[in-house]
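Per TrEMBL, the features are as follows:
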type	residues	note
BINDING	B:Gly152, B:Val153, B:Ser154, B:Arg155, B:Val156, B:Ser157, B:Lys158, B:Thr159	ADP binding site
There are 2 protein chains.
Amino acid sequence: MKQASTRVIAICSDAIGETAEAVAVATLRQFELTNTEIKRIMNVRHEDEITRLMEEVAVRGGLVVYTIVQPELREAIKEESIRLNVRTVDIMGPMMQAVIDTFNDTPKRLPGLLHRLDEDYFRRIEAVEFAVANDDGKDVGAILKADIILLGVSRVSKTPLSIFLAHKGKKVVNYPVVPELAPPAQLREVTTGKIFGLHIDAGQLVKIRSERLKSLGLPIEAHYASLERVQAELKYAQSLYESLGCPVIDVTDKAIEETAGLIMQFF
Amino acid sequence: MKQASTRVIAICSDAIGETAEAVAVATLRQFELTNTEIKRIMNVRHEDEITRLMEEVAVRGGLVVYTIVQPELREAIKEESIRLNVRTVDIMGPMMQAVIDTFNDTPKRLPGLLHRLDEDYFRRIEAVEFAVANDDGKDVGAILKADIILLGVSRVSKTPLSIFLAHKGKKVVNYPVVPELAPPAQLREVTTGKIFGLHIDAGQLVKIRSERLKSLGLPIEAHYASLERVQAELKYAQSLYESLGCPVIDVTDKAIEETAGLIMQFF
């Protein structure tokens with residue numbers, strides 16, 4: 001438990017509050033706020049849950065960020081905001097209104113959780129399990145079951161990228177490119193458009209591998225982290241990508257989310 | 001490429017657009033929109049990128065959802081919105097204004113990407129790699145390096161939950177509970193508060209395991225998916241959790257995000 005004297009940004013949701021928290025975290029990156037706690041309440045169904053939360057925020061100082069779709073609960077937040085003089089931010093309201101006004105459509109106004117354990121959800125969960133089970137070329141046969149096959153040399157971020165793409169519902173395998181190891185024959189049988197080669201600047205990879213060796217307590221002078229070895233591996237990888245005719249994605253200086261975004265644009 | 005006749009919800013971001021897309025997807029769940037494409041443009045730095053996007057939306061019909069922090073680009077969106085009569089939704093603006101008004105703080109107004117590859121980012125990436133490497137009790141020694149140790153019987157969703165918690169920056173190992181297998185001695189050495197036992201309703205687990213057997217092409221009458229076996233495993237798991245004195249989280253009917261939220265409240 002945080003001490004009661006910290007200010008609070010409260011997330012209030014009739015589902016899980018992930019969306020509101022994403023907006024809050026992205027916003028807070030723009031500030032140097034200290035002594036501010038993010039507090040989340042989920043599955044809100046009754047007005048008194050809202051009252052209790054907002055009274056706490058009124059006492060501690062702070063604001064309330066909410067994703068609530070049911071009209072009577074939205075009304076309760078607005079009323080308590082005025083009564084207690086607590087500032088609120090409505091994350092989904094303006095977007096819902098814009099969709100209504102643009103497309104003349106009527107929202108269902110069902111709390112997120114009620115239709116959350118759907119087909120799409122189970123597809124994403126299955127994709128995450130698939131990515132974990134098939135990380136680092138563990139099962140060559142999985143190449144033919146995958147939606148996306150990532151190739152790349154060691155420490156080019158294949159694993160986190162696979163997981164991130166899995167969250168988008170894609171079944172991903174990643175396979176390590178090593179000059180001394182013949183690439184699996186299955187790569188030649190894959191439907192066009194599923195394979196992606198990852199590239200990275202040699203200097204940056206030397207740094208990443210040196211850090212890796214350090215964290216493992218190994219000497220950083222190892223061949224593995226030398227510029228010469230890294231350049232040879234990257235050159236071999238490029239020639240493999242060319243022979244496969246696959247797109248090459250440069251991950252240098254890119255966040256995983258950004259690389260994933262680039263790959264998803266192919267689908 | 002989608003056909004040009006579909007309507008479009010355009011995400012326009014000076015970073016990756018994940019936040020805006022999260023709000024758009026959560027909102028669209030409230031509608032039965034068909035024939036609507038979500039299109040994302042990232043790393044926006046110049047006004048003409050905004051003009052091009054908004055002219056396309058004006059022609060196709062649709063709206064623009066944006067996360068842009070730089071004032072001149074925000075101005076450009078507002079101007080083009082009026083000129084082209086295209087509706088826009090500002091995802092971060094209201095939240096930023098609320099923070100400014102509530103805490104009297106000044107935002108940095110730097111696009112998200114510029115400070116994205118920070119310490120927190122690398123901690124999360126490392127946590128994902130840790131979770132993948134230590135899935136399903138692969139390395140018992142990792143128990144002592146983890147922030148969170150998840151215990152549970154087969155198919156209780158240990159793997160996706162581990163990955164989800166890893167995205168929050170926690171190093172997670174999960175360990176399968178099987179009556180025939182003595183639990184690793186390391187569990188008794190772990191600092192209090194790190195171990196969580198997962199529980200699920202027996203009937204639901206029978207269903208999940210039967211589905212699993214079916215998807216593997218195995219007969220669903222197997223012992224593994226019988227109510228008797230499932231009940232025995234769950235009873236054994238409960239007695240293990242009691243002897244460890246760890247919190248027990250019931251995952252029945254819960255989305256992974258919700259279970260993760262419950263566990264994160266302990267930290």
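From the backbone N, Cα and C atoms, a Cβ is placed for every residue, glycine too.
Worth saying up front: this structure is predicted, and the values here are computed from it rather than measured.
Shown on the structure are the features that TrEMBL records.
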residue	record	contacts (Cβ under 8 Å, 6+ apart)
B:Gly152	ADP binding site	B:Lys158, B:Asn174, B:Pro176, B:Val177, B:Gly197, B:Leu198, B:His199, B:Ile200, B:Ala237
B:Val153	ADP binding site	B:Pro176, B:Val177, B:Val178, B:Leu198, B:Ile200, B:Leu205, B:Val230, B:Glu233, B:Leu234, B:Ala237
B:Ser154	ADP binding site	B:Pro176, B:Val178, B:Arg209, B:Tyr224, B:Glu233
B:Arg155	ADP binding site	B:Leu205, B:Ile208, B:Arg209, B:Arg212
B:Val156	ADP binding site	B:Leu198, B:His199, B:Ile200, B:Leu205, B:Val251
B:Ser157	ADP binding site	B:Leu198, B:Val251, B:Ile256, B:Thr259
B:Thr159	ADP binding site	B:Asp135, B:Asp136, B:Asn174
Check your understanding: With the ADP site defined by B:Gly152, B:Val153, B:Ser154, B:Arg155, B:Val156, B:Ser157, B:Lys158, B:Thr159, which remaining residues of that chain have Cβ atoms positioned within 8 Å of the Cβ centroid?
Key -> B:Asn174, B:Pro176, B:Leu198, B:Ile200
Practice item. Please work out the number of neighbouring Cβ atoms within 10 Å of the Cβ of B:Lys158 (ADP binding site), leaving out its own Cβ. Key: 25
Review point. Chain A sits near which of the binding-site residues B:Ser154, B:Ser157, B:Thr159, counting only a Cβ gap under 8 Å?
Key: B:Ser157, B:Thr159
Check your understanding: Where does B:Gly152 (ADP binding site) sit in the DSSP three-state scheme?
Key -> strand
Study note, to complete from the structure: In three-state DSSP terms, B:Thr159 (ADP binding site) is classed as helix
